[in-house]
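Q: So TrEMBL lists these for the protein:
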{"type": "COILED", "residues": "24-51", "note": "coiled coil"}
{"type": "COMPBIAS", "residues": "1-12", "note": "compositional bias 'Pro residues'"}
{"type": "COMPBIAS", "residues": "13-22", "note": "compositional bias 'Low complexity'"}
{"type": "REGION", "residues": "1-22", "note": "region 'Disordered'"}
{"type": "REPEAT", "residues": "266-296", "note": "repeat 'WD'"}
{"type": "REPEAT", "residues": "439-471", "note": "repeat 'WD'"}
Amino acid sequence: PPPPPPPAPTPAPTAGERAAALSASRAFRELAELRRENGALARRLAEKAAESDEHAARAGEAGAARDALGEIVAFQKAQLEEGSAQLGRAREELAGCRASEEMLVGRLLTEKASMVAQVVEATDELEALRGELEVTRGLLAKYERGDADAASGRGPADLPSSAGGFLSAATAVPRSLLSISRPHSSDITGLSLSPPSLLTCSADSTCKAFDLSSPGPPRHLCTHSAPTNQPLTCAALSPAGLLAAGGADKCVRLYPPSSPRPSASLQGHNSKVSAVAFRDDGTLLSAAHDRTVKVWAVGGGKGAMKGTMHTGSIPNDIGISVNASSVATAHADGGVRFWDLSKLTKILEMPSVHTGQCTSCEFHPFDGYTVLTTGRDNAIRLLDSRVCQVSLTLVDPKYRCNYNWSNAAFSPDGEYVVSGSGKDVFIWSVRAGKLERVLRGHSDLVEKVVWSAGARQVVSAGKDGSVVVWE
């Protein structure tokens, strides 16, 4: 076939056509861009709607949770209010119980105080009667022996009264120096009296016995020597006249009345012996720096240990009551302890009676509960062991407790107390609670004092080995 005819040539667009075509192209491009933006906005709107729906769902869940939480809070609040009400009722009941308990305790304390007062009163009466009985027996014995000197001048006014005590004072306070002697070459560490015998022990390793019955200076009876050169620190006389002496060599030695040599040496302590004392039944007690008190059965000039009491603090002295029913010890910690010898146990402790060392303890001559103590705090105190209280404190600006073994002693009627202070001897009135008299005559510090049973003489011993009798 013949070839097709060539296409007719396209006429060239005019300038207006070209401008219209360009405008149309820009319009199409802008329309396409607007459509894309519209699609994006639609998608964002859908997302926001979904998020809104999710938020709404969460808000619903939160509202439900708030409602549930409100119910729980309301329930707990109701329970708390109920618990508070129950607690208030319990407090009211407790307050009522406490009031009832306080009333009951107050009633019991009142009844106890009344009973204690009755017991104390009865004990006082009993001890007073015992003292009167002992004095009466002594007077009757003197009259029966025909002792004119002892019986003369004692009429009915000197006998015990039915109300307790004495109708006239039995003690004359010493006023002057009667005699002075120097039996030892060193300080006197022990002074014991078992009428009419006076016993001294010294750091010169000797004990000496004297007779106080004759007028004038004490009459020397016997010298008891320790087999070692160790100082003697304490001594005591038994009712039978047996001598016990403790020393720095840890031993307690027994001496028959007229023997210069010991009949027995009691071993058992691990340190220096600080105090010895006899009971009326002959039982011997010894205290030492090993913080023990040992009990010995003594007979026939021999001794055997019965037991040991551990004190917890160094005992400086031993006190035994007039009826031997009570035993007390004075200690380096300032306290006083009371012991049951039948069980070898501590039954009572009064701690910190003194702020310094408690250097001595002695029972009242008539009762079994009042204890006289001295201390390095320069105070003398009277203790009532029934109520564990200090009943009296004796102090004076000039009073000084010289040594850890210094002591104070009752007068035979318990109305006065004698003690050494510096180079002087102080006499105190228990009734007045103050210093009564000061006796001067020692040339060195006073270490030990004792009041004779005759109630008219005081014996004091000094560091220079001197013995002074005051009357």
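For all residues, glycine too, the Cβ spot is worked out from N, Cα and C.
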Q: What residues in the same chain, six or more past the boundaries of the repeat 'WD' (439-471), come closer than 8 Å to it by Cβ-Cβ distance?
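A: Here the qualifying positions are 170-172, 174-193, 195, 198, 200, 202, 204, 210, 212, 217-218, 402-403, 405-413, 416, 418-427.
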Q: Please work out the mean pLDDT for the residues of the repeat 'WD' (266-296).
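A: On average, pLDDT over the repeat 'WD' (266-296) sits at 94.
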Q: As a quick check of your reading of DSSP, tell me how many residues in the region 'Disordered' (1-22) are helical, how many are strand and how many are coil.
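A: So the counts come to 8 helix, 0 strand, 14 coil.
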